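My structure is below; once you've seen it, I'll send some questions.
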């Protein structure tokens, strides 16, 4: 910069001896100090020595008191960053065939039937069909609920089991609803608890009704013709027990063949499963 050149020429002129030696030396020192960069003191930090054994134990105890979620942060690392493959191919040898669920096999057989069918896309499958009319569709549903304090509302079947809803009168806040069922005509029995779903007012407007839902797992071997599942609903409240067993006949479902119609666009559909 121009200011730097001016100072340099001034330094050269002042370096020539002249009268008044002490004054010229003072001018030279002041001029050179104004042009040189400012010197910064060198700060040397003292090395920290290794903490003693008591100090390390104290730090370890302090870190143990901090929750793990605060001491460690979740880190995501992908397989390729570690030198691994992103995909893995499993080759099944003879005798290592994967176990396919029964409901998946049934759907695969349905797809094969649809593939080779040339006329209609109608097929039959085995499922549990109720042997009774849905209680919610009956005219005496409200009277049965008033009489029994508990009544099955509706039940549906699927490949995995039976699901349904039960209505109970809200006699008290603390209550327990369960379903007792059997696969072998009560030679052995099972029981599953129902879960509260919602509360609705009664049709007569005098009280409130609680709706409970339940699910009965059905093993695959029961999906055979003429297999029967029987169950009844139990309601426990205020130290008393109420039952809905379809007026002494129990609710039963029998495995039967059920015709189904499949749309034409589903003929070339794929089924994916793990």
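Any Cβ shown, glycine's included, is placed from N, Cα and C.
Predicted automatically and left uncurated, TrEMBL annotations should be read as such.
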In TrEMBL, which of 1-38, 39-76 is tagged region 'Disordered'?
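So the range that TrEMBL calls region 'Disordered' is 1-38.
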Do you know the mean pLDDT across the domain 'CBM21' (142-254)?
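Mean per-residue confidence for the domain 'CBM21' (142-254): 90 out of 100.
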